[in-house]
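To keep things clear, I will list the structure first and then write my remarks on it.
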Amino acid sequence: MSHLAATDPEIAALVVAEEQLQADTLRLIPSENYVSHAVLEATGTVLQNKYSEGYPGKRYYEGQQNIDQVETLAIERAKALFAMDHANVQPYSGSPANLAVYLAFLKPGDTVMGMALPMGGHLTHGWGVSATGTWFRGVQYGVERETGRVDLDKVRDLALAERPKLIFCGGTAVPRTIDFAGYAEIAREVGAVLVADVAHIAGLIAGGAHPSPAGHADVVSTTTHKTLRGPRGAMLLSTEEHAKAIDRAVFPGLQGGPHNHTTAAIAVALKEASGAEFRDYAHQVVANAQALGEQLATRGFELVSGGTDNHLLLIDLSGKDVPGKVAAKALDRAGIVVNYNTVPYDTRKPFDPSGIRIGTPALTSRGIPASEMGTVAEWIDRVVAAAKTGDEETVAKVRTEVKALMDAYPAPGLPVR
Ligand code: DSN
């Protein structure tokens with residue numbers, strides 16, 4: 001980074017500080033990861049200098065000799081990896097990708113059905129504070145209080161009563177397998193388009209560690225930077241029937257020029273995700289999450305739905321008498337990075353909720369095995385207890401122990417300093 005350091009030492013210093021932070025901390029935010037050097041290199045290329053409104057072979061600017069090939073490679077790799085007829089790799093991120101889906105299929109005021117945000121859904125699935133819940137009529141399903149799981153019979157009843165034109169399945173705090181076939185049956189019954197938002201689990205699907213929405217969902221929406229381990233970006237995949245509507249909605253409907261450097265990095269990540277090593281990683285992410293869940297449960301932590309089938313654990317801290325935010329901030333001081341999160345039927349506010357959400361993609365990318373999950377659970381237990389009593393000595397001690405484990409498992413994509 002010699003050029004950056006010379007031109008802008010302040011920004012260069014912050015980048016170095018962030019590298020150090022990512023190296024030294026146990027990153028448990030389930031939507032985060034470490035990309036490879038190859039993905040990082042692709043994002044930092046001259047491809048970002050080029051305007052390319054349109055699609056390969058049909059652009060509004062000349063000079064696309066290389067860009068068309070980059071985007072075609074990304075498209076073909078996405079189609080092959082997710083077994084879908086069509087792929088659009090241009091959405092800037094998950095929220096614009098989902099907004100493009102609305103543009104493709106709905107008129108303002110039409111009804112969309114999705115999982116409620118406090119139940120584990122996403123803002124863009126028709127939640128009130130999002131454009132998707134103000135410009136459209138959002139109706140929301142949730143999980144059962146007793147099981148923490150979706151009851152598809154209730155989803156079906158709601159769909160029959162509300163007749164949504166669009167149904168979203170998937171979310172941001174869903175620890176259980178998504179029954180794509182079950183949602184598809186409901187969507188067919190009410191004549192709705194089914195969108196599987198697999199942003200969180202795209203890498204697990206690619207690696208064969210979660211069932212695929214292919215053959216069930218009309219549209220698959222995903223970010224590329226979570227379990228999939230690519231750059232910050234998104235993709236929309238669809239059946240052939242909806243290909244034109246999706247493409248028109250992304251451009252010219254919603255966006256201008258695609259971010260070609262991101263497209264290149266997506267192509268690289270998709271190539272990486274098609275290899276045997278990635279399959280091992282995907283299965284290990286789940287094995288680690290399940291091992292961590294078991295270790296936390298034995299220490300008295302209440303897991304929403306009782307555990308996990310994927311990369312994510314949602315923990316209700318009410319029984320520990322520590323608010324989620326207080327726990328998250330103490331864990332951060334101990335070098336364990338999580339996010340505070342609402343739990344289903346939370347009695348606290350979203351900015352000060354009862355839970356924390358944790359996940360294993362980033363630690364798995366470091367090569368940390370399931371045998372270390374007892375240690376991780378013990379750290380979380382000690383720090384949550386310390387948060388309650390204000391025991392900063394324990395927090396500091398855990399931070400030292402975390403650093404030692406992180407040194408033993410260097411993160412991919414980071415420079416060795
Ligand atoms: N912010 C993402 C997450 O953390 O799950 C969802 O958009």
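First residue shown is number 1, and so on along the chain.
For all residues, glycine too, the Cβ spot is worked out from N, Cα and C.
Taken from TrEMBL, the feature (6S)-5,6,7,8-tetrahydrofolate binding site applies to Leu117, Gly121, His122, Leu123, Glu240. Long-range Cβ contacts of Glu240 ((6S)-5,6,7,8-tetrahydrofolate binding site) within its own chain (separation 6+, distance under 8 Å): Asp85, His86.
The domain 'Serine hydroxymethyltransferase-like' annotation in TrEMBL covers 5-380.
Taken residue by residue with DSSP, Lys226 (N6-(pyridoxal phosphate)lysine) is part of neither helix nor strand, so it is coil. The number of other CB atoms found within 10 A of the CB of Lys226 (N6-(pyridoxal phosphate)lysine), across every protein chain shown, is 27. Residues or ranges marked as N6-(pyridoxal phosphate)lysine by TrEMBL: Lys226.
Here TrEMBL flags His225 as site 'Plays an important role in substrate specificity'. For His225 (site 'Plays an important role in substrate specificity'), the same-chain residues that are 6 or more apart in sequence and have a Cβ closer than 8 Å to its Cβ are Ser31, Asn33, Val35, Pro231, Arg232, Gly233.
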Binding-site residues listed as Leu117, Leu123, least Cβ neighbours within 10 Å:
Leu123
Quick one: largest C-alpha distance among Leu117, Gly121, His122, Leu123, Glu240, binding (6S)-5,6,7,8-tetrahydrofolate per the record, in angstrom?
30
Could you please provide the mean pLDDT value for the domain 'Serine hydroxymethyltransferase-like' (5-380)?
98
